[in-house]
């Protein structure tokens, strides 16, 4: 359910107008909604309350998706430090891995000590701490230029227009930038193409570990290798910034090859190769996001980023369904191996279609993937 929390109608909030709402305010509100959900689940456990809680949880995810990336990149760019975005995002992804591993390790002892109420209270506290951290983000919004135009006969004036007009205008602006600029469009499509498949496989890695024949108690240790790989991948983001399109394609080929070989090995040692694959996938995911932020030039940065996030979510749902069908017929090992094929296709697309674009590096630098 963790991956599905924001894949329902509330996710339409992703396409919000960044210029009309304070991004820091959205980031502050985002964890408060899950906090309410955790409190309801703990205090009033019932099916209707669980349903309401998942709506609140999804709404919080929808508010956060795209907002954090847009705010951080905009603030770094404002002070002339946009080149530090990859390093910062890589460290953030690494912190996410550590937080997930730490929360999983602590859940057992907390539950043993205080039951579901203790776990629920800890979840609420974590969400409140996230909201408190969000209030410390800097934000310097600039007003978008206003072009005065006379309304056509019968057209409502600005005073009579609903707030939905601004919402739709922001959505149209973001989509228009993606349509008009080939490099923005390619960068937007690259995010779900790189993120979705391995993001879905992460949910099934425990099944693959069990299929190697190890004891149940050993499964978490094999998964720890994957988390270590993701940690390394996030920390390598600064080094990956200078990759050319061909270099990035090579990274995807490496990840796909390690994924297929590690899965087909059918032995615990294969998880070493899977760790290499997950490290490469994490690095590729961070670089795809950095690339998208570097490409966006219009005022609808949060909208474009959110469209990429929504496309990723929808693609992951498709991957879940596809994995279920394939694994049901061939087993987990073959399903993991076949999941490498889309990355080979993306690598070929990068090499043959000039998807990265050229001539847009700042300061006349040598063209590379992120310029």
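The backbone N, Cα and C atoms fix where each Cβ goes, and this holds for glycine too.
The model shown is predicted, which means the values in this text are computed figures rather than measured ones.
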Transmembrane segment per TrEMBL - which of 161-180, 221-240: 221-240
Which listed span TrEMBL calls transmembrane segment, if the choices are 118-135, 136-153: 118-135
Recorded stretch, among 21-44, 221-240, 302-323, 335-352, maximising Cβ pairs under 8 Å relative to the transmembrane segment (184-201): 302-323
